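See structure below.
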Amino acid sequence: ERYVPPPRKLSTGVSFGAEHFAETSYYFEGGLRKVRPYYFDFRTYCKGRWVGRSLLHVFGTEFRAQPLAYYRAAARAGRLRLNEEPVRDLDVVLKNNDFLRNTVHRHEPPVTAQPIQILVEDNEMVVVDKPSSLPVHPCGRFRHNTVIFILGKEHDLKELHTIHRLDRMTSGVLMFAKTAEVSKRIDEQVRERQLEKEYVCRVVGEFPEHEVVCEEPILVVSYKVGVCRVDPKGKSCKTIFQRLSYNGKTSVVKCLPRTGRTHQIRVHLQYLGHPIVNDPIYNMEAWGPDRGKGGKIDKTDEELLKALVEEHRSKQSLDILGILEEDLNSSAENKDCGNSSDCTKSAQADPINENSGPAKDTKDPERNDTAACPLNSDTNLETLEKNKELGSCEIQDGQTGEKSSEEKDPLCVECKITRRDPSPKELVMYLHALRYKGAEFEYCSKMPEWAMEDWEE
């Protein structure tokens, strides 16, 4: 009988220290903040549905980002560990409380080089003006290119408690509490709807001059891709809109959300026929000729998601969506996946709660070349794994102007691919959290440049 040690308690708090920040370093290039590739451990306890199945079967059915040849090579290279012992046989049958660890070579997508501006810092709070394209905390493919990591690494602001979140593509006022007590106090204000939020955006067309109130219920179409739509079966919500200016083509609109549903402002604006000018989800041709106005889509949810992905694939902009194509492929295949949120955790491999899939690499395999072909062959992978003469990745250091030589990983497909970088303009969406007001505080940021009355595209 194979011995399985008792489970140890995994840390539930969001806490990052010097050892995490030292995993890699940043550099700046072409208006983008980039992260040098680095090695990272994904860790998870065996999920209930895996018990009694072999590790090979789990990889083959739930983690199709890589062919089985990759996992065999990873095992030979000592990168797969079961209860901290190297996995020698992928036919090993998983038991309850088995602890899996997989070491992968991570490549993070670039984000805008625009700095995080600290608006307020006192004994209780840290309030920042978050740039667009930057996630608040580690999720999916992002770890170092997140607000939490940058504040900790570059501003020595650690142990912060997230009070609220902004979408990755939304900029503006973002609040953190320095203690659990402060966080709890503001959480109560949020629950009791005492927190006033004011956003500003630039939308397509001439928005009505009079105040517009939208109370259409919102339903989540896909947690994995992050797409919602108006639907009678959705959750109730309310947004108040007031036009600030119109330049003959687009309007600047003030948004006052009275509830906090996912993508609420963006979905309501789309429904009203005035989507945000550069919204990478809700202002796309995939929604049809009217782009979802009045809730008219004429597609099933599956058809809509497929059309959105295809549209971004054709533009080579899946990074803007922030999704992994293999997640989309595997979601349809995982028939025994418990529920959508569980699938998301497995697929996204969130390093905070360590509740991720065992061998999920974080690459986006969307590409127009054939660099991945060698991975379909056991022989080629074995050759790669044994090859100790690693190549070097030359990267221009934006701060020093010197080239830094980086090790290429022999098992990493991403190391063999040259991707198109997004332009800084692609990483900005015209939606900004302008003001947050509570019972004893009010925090504001400057009006973004694109929201000025005389601004032109």
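Glycine residues also receive a Cβ, built from the backbone N, Cα and C atoms like all the rest.
Copied over from TrEMBL, here are the features:
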type     : residues : note
DOMAIN   : 125-270  : domain 'Pseudouridine synthase RsuA/RluA-like'
ACT_SITE : D167     : active site
COMPBIAS : 331-347  : compositional bias 'Polar residues'
REGION   : 331-381  : region 'Disordered'
COMPBIAS : 360-369  : compositional bias 'Basic and acidic residues'
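Within 10 Å of the C-beta of D167 (active site) we count 19 further C-beta atoms, all protein chains included.
When averaged over the domain 'Pseudouridine synthase RsuA/RluA-like' (125-270), pLDDT in the model lands at 93. When DSSP labels each residue, the domain 'Pseudouridine synthase RsuA/RluA-like' (125-270) comes out as 28 helix, 55 strand, 63 coil, counted as helix, strand and coil in that order.
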